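Copied over from TrEMBL:
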- 6-24: transmembrane segment (TRANSMEM)
- 36-54: transmembrane segment (TRANSMEM)
- 86-104: transmembrane segment (TRANSMEM)
- 125-150: transmembrane segment (TRANSMEM)
- 222-249: transmembrane segment (TRANSMEM)
- 255-280: transmembrane segment (TRANSMEM)
- 292-313: transmembrane segment (TRANSMEM)
- 369-390: transmembrane segment (TRANSMEM)
Amino acid sequence: SVTGLSLWGSVVAVGLVCIFYTTLGGMKAVVWTDSFQMLVMFAGMLALLISGSLKLGGLDVAWNIANKNQRILFFEFDPDPSVRHTTWNVVIGGGFFWMAIYGINQAQVQRAISVPSIKHARTAIWLNFPGMLIILSLVCSVGVVMYAYYSTCDPVSLKIISKTDQLIPLFTMDLLGHLNGLPGLVLSCVFSGSLSTISSGLNAVAAVLLEDFVKPYCCKKISGYAATLFSKATVVGCGLICLAMAYFVSELGAILQLAYVLFGILGGPLLGLFTFGMLCPWGNKWGGNIGLITALAFVAWIGLGTSINSVVITPKSPLTTAGCNMTAINALKALATTAAPTTAAVLASTTPATAAPPKDYFLLYRMSYIWYTALAVITVLFVGTIVSLITGGHKKMRELDPRVICPFFDVFMPFLPESFRCKARCGVRHGDEEFIATFIKHQEEKLRHNGVHNEALDVSDINLSEKKVQNGHTITNGDYSTKL
């Protein structure tokens, strides 16, 4: 509606292109195209930031305008969990969210296991940190400049655009519409982000279905050729389903918040399950499964209840149309023939928008969506522990693989007395090098007996970079922090 491009034509084109190269290239295509798309996003955002700052007279001018209108709040220490964004929920709740993204999300994990060793995986993740910091800072800076540009003429109130998700395309056309090629470069950022996300998801779904469902339960001796055909067919099928779901998602409102809510509902319980397995050696299958289902149902109930009841606790910041004197006016005149009464009334408005007072909603419905992931993790740990203890717990904790159980107090509180830390290990034989070496040998024999010859699945590769040899015996490094 802003650029003249067909919405559904763009959706179908992006979907089909993504399905095509993911089907043909697999993980390698996903990694290389993601790398290129990241460069496109950097270039597009930089173009917007530089041109917007020059238009306003500098980034400091934009910053002062946003700060004056209370759009920049760095230190909001309100402990109320219903406040949409505070220092507490962004740091703690956001920390759990990103922990789920980097720790258990298949689309991210598949990148880590595609490199030769654990050392390379760690290096890749650490290198990702400055890149993510830069792109987020860049996007936030563009947001500040964009607000300053429209601070006295809100295009949503003018009905020039219908959703805040359309602000970037409008901002692009206002700034760079007269320069051939540049609007296309900037708008390609949106397409690059979409392609990157979709391709990673499609490849992840194909890998999970093949490795966790088809091979174990259906076709244990599936050939490489058949596995490749199945993966390609899965990518095509799931891609077409995603295209069909696009219409439904388009009716659900702001995309960013929706993504956080959905991932909190789905990713939070899964992060809780992995955390439960790592930190709680007494946990058993009953505790893990019931904890996972309980957390999923609990968080889904909160998320759906909040959406169905249209819960709004933090009111929107005030907006105005008092200073409209830019491209928006021309677009407004073009719409005058079809929406003259409404348009004239909006244009004449100089009063900032005010939100209706919040209703007395149910306590959990008022909680900020950023807390969903953390709430799900706590629910799994709590319910899983109780159910495990009721059902007898894990009866063979001394036989557990120490490499997959995190000695919490040894890692995070090594200053505590050894006697306490020893009891806190619950019998798991951390540091017992002879037992670990024997355990690895038995697992390798079991894998060979079952016909598994896949280095990505080989448990002996878990601590490959930490292995060393002394006196002819293979042992593992006793550094608990590297195991974590």
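Every residue number used here counts from 1 along the chain in the order it is shown.
Including glycine, each Cβ sits where the backbone N, Cα and C put it.
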### Query
When you scan the chain for residues with a C-beta under 8 Å from the transmembrane segment (292-313), skipping those not six or more beyond its ends, what do you find?
82-84, 261-262, 264-266, 268-270, 272-273, 355, 358, 361-362, 364-369, 372, 375-377, 379-380, 383-384
### Task
Might you confirm whether the transmembrane segment (369-390) is in contact with the transmembrane segment (36-54), defined here as three or more C-beta pairs under 8 A between residues 6 or more apart in sequence?
no
### Query
Does the chain bring the transmembrane segment (255-280) near the transmembrane segment (86-104), so that three or more CB pairs sit under 8 Å (pairs 6 or more apart in sequence)?
yes
